[in-house]
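First the structure, in the form of structure tokens, and then the observations on it.
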Amino acid sequence: MAKTLNSICFTTLLLVLLFISAEIPTAEANCDTYLGEVTVYYPCRERDCEAQCYEHYPHSCKGECEHHDHVVHHDNEEEHCHCYGR
């Protein structure tokens, strides 16, 4: 009886651990939808970028300072703040 109970508890614990570990990477990986671009002062800082993203796009989950391909878009070296959401 005790071995059966221990086996059931171990199996249940293993399943719970599996469900939790499978959910964590998917929650972090879903922040990849481009929402738009916001203006920040040069030089672009991640903290300022994330604050501006949250202000303009309340459902944003991250903001990143990124370089554009300046041959096509601009003549000067410039970083832009891109906002991403789920």
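Every residue gets a Cβ built from N, Cα and C, even glycine.
Feature annotation from Swiss-Prot assigns signal peptide to 1-29; the stated evidence is sequence analysis.
Positions annotated as disulfide bond by Swiss-Prot, on the basis of similarity to another entry: Cys44-Cys65 (among others). The Cβ of Cys65 (disulfide bond) lies under 8 Å from the Cβ of Val40, Cys44, Arg45, Glu46, Cys49, Glu79, His80, Cys81, His82, each of which sits 6+ residues away along the same chain.
Under the DSSP three-state reduction, Cys81 (disulfide bond) is assigned to strand. Residues or ranges marked as disulfide bond by Swiss-Prot on the basis of similarity to another entry: Cys49-Cys81 (among others).
Look at Swiss-Prot and you will find Cys53-Cys83 (among others) tagged as disulfide bond. In the three-state DSSP classification, Cys53 (disulfide bond) falls within a helix.
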Three-class DSSP secondary structure - Cys44 (disulfide bond): coil
